[in-house]
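Working notes, beginning with the structure itself.
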Amino acid sequence: MTTAVSIPRHGDTGGRTAVAARARQVVKAYGAGETRVVALDHVDVDIVRGQFTAIMGPSGSGKSTLMHCLAGLDTVTSGQIHLADTEITGLKDKKLTQLRRDRIGFIFQAFNLLPTLNAIENITLPMDIAGRKPDAGWLQQVVETVGLSDRLKHRPTQLSGGQQQRVAVARALAARPEIIFGDEPTGNLDSRAGAEVLSFLRRSVDELGQTIVMVTHDPVAASYADRVLYLADGSIVDEMKNPTAEQVLDRMKDFDARGRTS
Amino acid sequence: MTVWKTSMRNFLAHKGRMALSAVAVLLSVAFVCGTLVFTDTMNTTFDKLFAATSADVTVSPKTAETVDVPENGKPEALPASVVAEVGGVDGVKKAEGGVMSMAVTVVDADNKNLGSDTGAPTIAGNWTDNDLRSMEITSGHAPRGPTEVMIDADTAEKHHLRLGDEVRTIAVTGDIRAKITGIASFTVTNPGAAVVYLDTATAQEKLLGAPGVFTHISVSAEAGLTDAELKKKVAAALGDPGAYKLQTQEEAAAAGKDSMGSFLDVMKYAMLGFAGIAFLVGIFLIVNTFSMLVAQRTREIGLMRAIGSSRKQVNRSVLVEAVLLGIVGSVLGVAAGIGLAVGLMKLMGSIGMELSTKDLTVAWTTPVTGLALGIVVTVLAAYVPARRAGKVSPMAALRDAGTPADARSGWIRAGLGLALTGVGAAGLWATTQADEASEGSLYLGLGVVLTLIGFIVIGPLLAGVVVRVLGAVVLRLFGPVGRLAERNALRNPRRTGATGAALMIGLALVACLSVVGSSMVASATDELDKSVGTDFIVQSNTGQLIVPQAADAIEKVPGIEYVTNYKVLAAKLTNPDGSTADEHITAADPTYPRDLRRTTTAGDLSKAYGTDSMSVGSDYAALHKIEVGDEIAVAFKAGETAKLKVAAITSDDTTVDQGAMYVNITTAERHVAADRMPKNMIMFAAAEDGKEKEAYAALKSSLAAYPQYKVQNQADFKQDLKDQVGQLLNIVYGLLALAIIVAVLGVVNTLALSVVERTREIGLMRAIGLSRRQLRRMIRLESVVIALFGALLGLGLGMGWGTSAQKLLALEGLGVLEIPWPTIITVFVASAFVGLFAALVPAFRAGRMNVLNAIATDG
């Protein structure tokens with residue numbers, strides 16, 4: 001469906017394929033018979049390495065489901081999903097857990113941090129769980145980039161919402177995952193804090209070569225992405241490259257109008 | 001009305017979360033009701049038994065002991081002429097002379113004791129019409145001559161005896177060998193006494209030592225005459241009121257029950273005490289449950305407040321839930337209690353105490369007590385969380401739910417807890433310094449209660465410290481998962497504190513009792529090592545005296561250097577200062593000081609064994625200002641009054657024979673007629689040098705025909721003592737197990753509710769790569785840490801109590817402190833496993849939690 005290819009900006013990713021994640025004919029259905037609801041209807045999608053991809057769509061369009069499936073959090077009814085060269089559909093829980101731990105980063109809308117751990121402990125948690133030592137230099141760089149150097153010993157309750165999300169972003173980055181998934185990462189933030197987090201995500205793509213997939217319904221948030229995919233009724237209906245907030249909003253209005261007339 | 005409705009709905013919605021609290025209430029209530037039903041049933045059984053075995057009026061000699069085995073092994077008797085005299089009284093339908101003795105042992109052909117080993121007596125007597133009221137002959141016939149005997153059906157069944165089998169009845173006058181010619185069954189429940197019937201002449205001669213005498217007369221009334229009226233008539237006819245004891249059926253049954261009653265009461269209150277401990281532990285569980293429910297519902301409660309519910313309404317809605325919980329738990333508990341009582345009866349049956357479910361007695365007070373206790377305790381426990389719910393501000397509805405982490409325990413709590421603990425510790429210290437037992441036990445009680453409350457109050461603060469230390473020692477081994485577990489255990493210190501405290505209570509008691517128990521054994525062993533010189537000790541298992549035929553057998557054993565006879569005589573003493581005292585005099589052979597070494601504070605103990613001499617204990621001497629050379633008038637109950645010269649004063653700083661007054665047996669014999677002379681209570685024997693082994697074996701085989709006696713050398717004696725203490729401790733541990741089970745349920749409860757509370761957190765951790773196994777391990781470790789925290793506090797507290805108690809008991813001769821480290825360490829390690837066990841289900845459920853549901857953002 002998409003053929004967009006971007007040149008890897010990091011020397012060390014040169015050996016990998018240009019596609020970080022790939023979905024082929026993915027179907028996700030709930031229930032059976034009369035009550036069967038199809039959340040994803042034969043979706044094909046390629047997530048390009050080193051790009052910031054936004055997934056948009058109205059409520060119930062299946063955007064969150066798509067992200068959950070791509071991230072190995074949810075199982076698919078049929079179809080295949082590859083993370084780089086690894087097919088993740090059909091993997092056992094143990095393998096999936098390992099994969100999430102070692103190769104994927106997450107940023108959720110809320111409740112991203114363990115209240116019992118301080119900021120730096122939260123950031124290094126995935127590596128701790130894996131029993132790996134964090135790369136000190138990289139960690140330093142990440143922490144500085146998110147601007148949290150003086151807040152590392154704070155507990156989540158002592159941080160503002162924006163700071164908490166930045167810690168979450170830092171955690172996602174610190175383990176150097178192949179791909180970061182964000183589920184409305186700015187959904188709970190005011191516009192200023194949201195902009196801070198989004199520009200930080202943008203920078204991590206530009207400067208650190210990170211691959212990011214973000215689900216959002218906010219056109220402004222989507223405008224930070226390199227590419228926007230539009231989902232409606234479980235299918236990808238459109239995409240847009242290098243969008244601006246106005247363009248995204250127009251397109252959304254367009255869908256809304258069509259949705260109402262159809 | 002709405003309050004009721006919301007409470008009802010909340011209760012039903014959270015029934016899973018309430019389940020363990022309900023089980024805690026259930027267990028405690030069941031234990032209370034079970035105890036009540038069981039003891040009531042025992043009472044009913046004995047009421048029926050004594051009512052059935054007592055005649056309308058029973059006449060017996062005034063001096064007759066009620067249950068005790070008489071000193072000389074022969075019960076007091078009255079002549080046959082009295083029977084005739086009573087028979088002639090107007091209004092008497094029938095007067096029957098009866099013989100009954102409990103100073104007997106009955107064995108089968110293999111020398112196996114047919115008596116009960118639960119403490120129920122063996123009774124021998126003659127068969128009278130009065131016995132027909134409680135028994136019926138089910139096979140054969142009543143004994144008709146000296147070689148015939150009838151036994152009760154329960155005993156026959158237990159020992160597989162049939163008509164024609166030979167049994168031997170061992171009495172002080174000799175052994176009675178007879179064939180079973182009849183078997184009689186009780187028509188009421190017989191809880192375990194073994195009963196044999198001899199023909200009247202044999203019973204009189206062998207049990208009472210004289211022909212034509214009886215121990216009692218069973219009198220039945222003519223129709224229309226009450227027992228009391230009959231008693232009056234018989235008393236008037238007999239004249240001398242000092243010679244006979246007359247009891248109506250009611251009085252006899254009451255007297256019989258009195259002798260049982262104290263035992264039943266002790267058992268009842270002891271068991272209720274343990275139920276009380278279980279309730280106390282259950283309170284922590286209930287407090288935790290409601291605290292967590294309130295915390296989880298903060299938003300909901302905020303909404304209720306925002307839309308106009310008053311503080312009181314919110315408060316009440318929580319209490320109503322508590323009432324519902326109390327009702328459910330108690331109702332089930334009452335039912336379970338009755339089941340428990342039946343189970344206990346079956347258990348007693350298996351160890352030889354027969355109780356019939358026909359007698360099962362459920363007084364109306366039992367369910368009422370159970371329900372009231374269950375509901376009141378539950379509501380009391382829920383009161384604090386309910387108040388906290390009332391304090392939730394309407395703003396809570398608008399805030400993010402999230403549980404408040406780091407609920408810091410206040411300074412007030414710290415101050416109060418430390419003050420209580422401090423005062424309690426001071427009390428314990430004062431206990432160790434006390435020189436009066438009564439004063440010391442007051443301090444001890446105060447110290448125990450205050451340190452317990454103090455520890456409960458500062459529990460949350462201690463949780464912080466102890467969990468960190470445990471974390472540093474144990475959890476570090478488990479890396480980041482260990483750290484997460486530590487943080488989780490620390491995040492709500494109040495909860496961890498309360499959960500641990502519940503476990504602490506039970507384990508503190510275990511530790512305290514084990515310290516006291518092993519100190520008891522150590523002290524006694526120490527004392528025995530110091531004072532006991534004899535090689536062998538012979539005494540009865542069941543409080544029977546040593547019959548002469550057994551004593552003769554012991555005397556004849558080869559390889560024995562000498563044998564010491566030891567008798568106890570009741571006497572009334574008149575001291576030089578004019579005071580009198582009822583005491584027991586120990587009459588022994590002069591070799592006794594070699595068997596038991598005593599120190600004297602004045603005089604020479606060997607002189608006390610001289611003719612008409614005696615010794616007294618130092619406390620008695622000090623109390624009555626007696627000095628060596630003084631004369632005491634000793635009125636032997638079985639003989640005349642003798643003037644004995646005090647030749648020695650023994651030190652009372654001992655636990656063996658403390659306060660004993662010694663006379664030589666020959667002295668006693670000068671003042672007590674031979675046939676009234678008490679039989680030996682204990683016998684000691686010393687082996688000839690180098691023949692200890694042979695003598696021991698010979699001694700044992702010489703007593704093979706008398707299984708009611710045990711022969712012990714010093715090692716056996718010590719082991720026996722240890723076993724007895726161990727057995728007692730095991731019973732207490734068994735009863736404490738209830739409290740510990742409730743505490744473990746508390747740990748399960750806390751973990752289960754925590755897992756629910758942390759659903760999103762668990763989802764998050766799973767999403768970022770925590771494996772199921774790591775998640776389960778995290779919860780297990782948290783559980784282990786809580787359990788170890790409770791164990792550490794409990795064992796520490798308990799050892800403190802036990803040590804103080806030992807120092808106090810040192811006044812009573814418990815001089816050696818021994819901390820049973822193996823037990824303490826075993827309990828500590830076992831606590832870790834208890835923690836693992838408690839986490840099984842919560843960890844499993846956490847592992848199965850759906851990651852997506854856990855992190856779902858909308859909805």
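Using N, Cα and C of the backbone, Cβ positions are placed for all residues, glycine too.
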Matching range for TrEMBL feature annotation, transmembrane segment, among B:411-430, B:631-650: B:411-430
Stretch contact, the transmembrane segment (B:269-295) with the transmembrane segment (B:496-516), Cβ-Cβ under 8 Å, 3+ pairs: yes
Range from B:362-384, B:442-475, B:496-516, B:781-801, B:821-844 with most C-beta pairs under 8 A to the transmembrane segment (B:318-342): B:362-384
Among the ranges B:442-475, B:496-516, B:731-756, B:781-801, the one whose Cβ pairs under 8 Å to the transmembrane segment (B:821-844) are most numerous: B:781-801
When counting Cβ pairs under 8 Å to the transmembrane segment (B:411-430), the leader among B:362-384, B:442-475, B:781-801: B:442-475
For the transmembrane segment (B:362-384), distant same-chain residues with Cβ under 8 A (at least six beyond the ends): 21, 25, 28-29, 32-33, 36-37, 40, 279, 282-284, 286-287, 290-291, 318-319, 321-323, 325-327, 329-331, 333-334, 337-338
